[in-house]
Amino acid sequence: MEKIYAQVIINQFNHSIDKPFNYRIPVCLIKSIQIGQRVIVPFGMGNQKIDAFVINITNFCNITEGKIKDIEQIVEETPLLTKNQIKLACWMRNYYLCTYIEAIQVMIPSGLKIEKREMISLNREILDKTKKQKWSSSFDREFLQYLFHKKTEVELEEIKKRFPVKDLKKQIKRLQQKEYIFIRKDFRTKIKDKEEKYIALSGKYKDKGEYLKEIRKGAYKQKQVLEYLEHFPCNYREFRKKLKVTSSTLKPLLEKNLIKITSKIIFRNPYENKGFKNPSVSLTKEQRFIIDEFRKLANDSSQKILIHGVTGSGKTEIYLNMIEFMLNKKKQSILLVPEISLTPQMIERVMGRFGEQVSILHSGLSNGEKYDQWKKIKQGKSNIVVGARSAIFAPLDKLGLIIIDEEHEITYKSSNNPRYHTIQIAEKRCEIENCHLVLGSATPSMESYYKGKAGKYHLYELKHRVKNIPMPKIELIDMRNELKEGNYSILSNSLKKELYFNLENKQQSILFLNRRGYSTAVSCRQCGYLEKCPHCDVSLTYHFNGKKLICHYCGYSKLAPKICPVCKSKKIKYLGTGTQKVQTIVEKEFPNAKILRMDVDTTRKKGAHQRIINSFKNQEADILIGTQMIAKGLDFPNVTLVGVIIADTSLNLPDYNSAERTFQLMTQVAGRSGRGDLLGKVIVQTYQPNHYSLIHAKNHDYTHFYNDEIAIRKEMLYPPFKEIINIVFSSENEKDLIQQCYEFYMELINHTKKVKKDLQKDIYKPVPSPVSKIKSKYRWHMIIKTSYPNEFKEILRKIYHEYLNKSQMHISIDINPTSIL
């Protein structure tokens, strides 16, 4: 028989094995093995059993027959990866300079990761032959008796709890060598299908009377069970709770085969029985035009569309119409939102329209819920996927449309390896699967709008809100003047006045500040001592709850000092403002107001986002205070006032896109005001009222902002005119770090000279990172601004691998970062 081989990717995060390995497919597996499956293979000198992913099956292998190893088993019958996902993973490896396995792992639910177990059982046959033998130790006797009474094989972890001895593994190995026990390696996934038990009559008889004849007189509970089950089978747990029956009542019925208990796999669905509504909506002329244009374009091969629509212009309704059109063509869709906080409202709209056809994927779900939603998609039971960034990898096999709402958001960029951008993944997936891409935003990223103006995207504009609701009036408040007038509060007089007005008129308000915690720094007024994180180059943030200082980079925390640790002064000053402090001040100023806060600290528990949103939507609170979670996508018709506590937070960051981020945040948060029948107002407090990003945000003028910003980008050669590669070096030894940074820099210079004459001018010398220490590691970075990213990637991969083998320095390469902080 002709030999068949598989190329596999080993499931280990190790750059030295980042390549396909060849294995022979044994005859017993030839008919069942498929590309995309997970398999168990012997790997390395010790033939360690490890899982791997099949990426190709071939008749050719360049390894001699005596040296090639066999695949040992298939883990799952159904492939975890599609062929298109494997193509995408290969592209990601080359584009983002990650490993194959890093690209593959983002496509698979974390619950499907394999756990290795050692299963131990008793060799009963040899034990019978030696039962008269005196055991050499009390451990042997107790251990073997324990296994004898267990009757089935036992997991090593369970044995460790029962026998907490230091040399347990050595003792077990000795018993194995004496052939008293068997040890078997086992592989299983962390998450299992959820099963529920059901109870019913066995079907032994057709007539109820025949069942009752078999129970003894006076067995009232048994009779009650049989009479209850006559009408319908039911959930076992609910049945026992309702009838208050014990297992002793059911045991004789099971023994006589009068009842049966079965198990059924169920889907963990967090949105079951929610009763989502599907309101009828009349389309505006602008909406109808874009939908009609999409229907024309959708008949061609892969198309890319950018919808620039002001806040409240009805982009979501356009998305739903596009999805419906694709469903009629028997095609599937992915709809992405940038934040988990936006997911509930989008889910309500989509599930209200399409019901059971929808699956949800986001980080707020449990591992079990995520696995079941993924499985539902994999089995072809879902035609629509709604979720955050990772939902872009949903395994739909008839994908026709990808929609990315609020496409400008930086949360679409992954901060962990692989550092992918969702839009780039979507573009590549559309290319591979010949489907359409739709991007939507009130404030498109500079890169996307540039592509729209250049004709790379079909650009459509929504210039008016639905029902012709006017845009909210935005007022810039110069906080320098507030100080001159003696107002030292974080609330300007204008903002206080508008908040009082809203409370009197039963209208709701939103207050925005993109900083959590109470105070952003704690200092001594006597000697100037500043509380800083011992592991990071940042000040500690004071959190009122628990009276703690917390580092938002590494999580380090300590109790807030009552006296200065340096000079022992009691003059401790809490500087800066976070959302907790805003809440305290607003509660004091408006004691009768009902206030909610939405930030990372208040939304840690599962379902917290939804509870806060629902509470505010149902007008159970007057004021919602929050970070960027509340800045976009949310729709509260009774909100007529938005207050921005300080607009300068993002404006003062040493980042090339700080003006763009500020304009986007101000426009998005302003868009939460006046979305119903009442006119909206926005108060933006700032110390830089003449900055162009704030002036254009005040005038709702994206076009002029784009023109000003794109001119600066062109002059400074920032994206979209050049691509950026940010290389971050980190080490616990600062001296070695600096030396190795410069060695890396010189090596890069030398390599580029060999490839292209002028490439070295695109490389900037290493400098300390803006945050120069995180988690006890010093950080430097080096930036490349280039029109030749592919040439640099090839060079960087080569140098990177050299440094992995010879240096303790950690190197992180970020292609097209959304921030260089």
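Backbone N, Cα and C atoms are what each Cβ position is placed from, and that goes for glycine too.
Taken from TrEMBL, the feature Zn(2+) 1 binding site covers Cys524, Cys527, Cys564, Cys567. DSSP assigns Cys567 (Zn(2+) 1 binding site) to coil in the three-state reduction, placing it in neither a helix nor a strand.
For Cys533, Cys536, Cys551, Cys554, the entry in TrEMBL reads Zn(2+) 2 binding site. In three-state terms derived from DSSP, Cys533 (Zn(2+) 2 binding site) belongs to neither a helical nor a strand segment and is classed as coil.
Taken from TrEMBL, the feature domain 'Helicase ATP-binding' applies to 296-462.
Summarising the annotation, TrEMBL assigns domain 'Helicase C-terminal' to 505-725.
Here the domain 'Helicase ATP-binding' (296-462) returns a mean pLDDT of 93 for the predicted model. Cys524 (Zn(2+) 1 binding site) sits 18 Å from Cys551 (Zn(2+) 2 binding site), taking the CA atoms of both as reference points. Cβ neighbour count for Cys536 (Zn(2+) 2 binding site): 22 (other Cβ atoms within 10 Å of its Cβ, all protein chains included). Counting other Cβ atoms within 10 Å of each Cβ, the lowest count among the binding-site residues Cys527, Cys551 belongs to Cys527. In sequence order, Ser539, Leu540, Cys551, Tyr553, Cys554, Tyr556 make up the list of same-chain residues 6 or more apart from Cys533 (Zn(2+) 2 binding site) whose Cβ falls under 8 Å from its Cβ. Residues within less than 8 Å, Cβ to Cβ, of Cys564 (Zn(2+) 1 binding site) and separated from it by at least 6 positions along the same chain comprise Cys524, Gln526, Cys527, Tyr529, Lys570, Lys571, Ile572. Neighbour counts were taken as the number of other C-beta atoms within 10 angstroms of each residue's C-beta; across the binding-site residues Cys524, Cys554, Cys567, the minimum falls on Cys567. Other residues of the same chain near the Zn(2+) 2 site, with their Cβ within 8 Å of the Cβ centroid of Cys533, Cys536, Cys551, Cys554, are Pro534, His535, Val538, Leu540, His552, Tyr553, Gly555, Tyr556, Ile774, Lys775.
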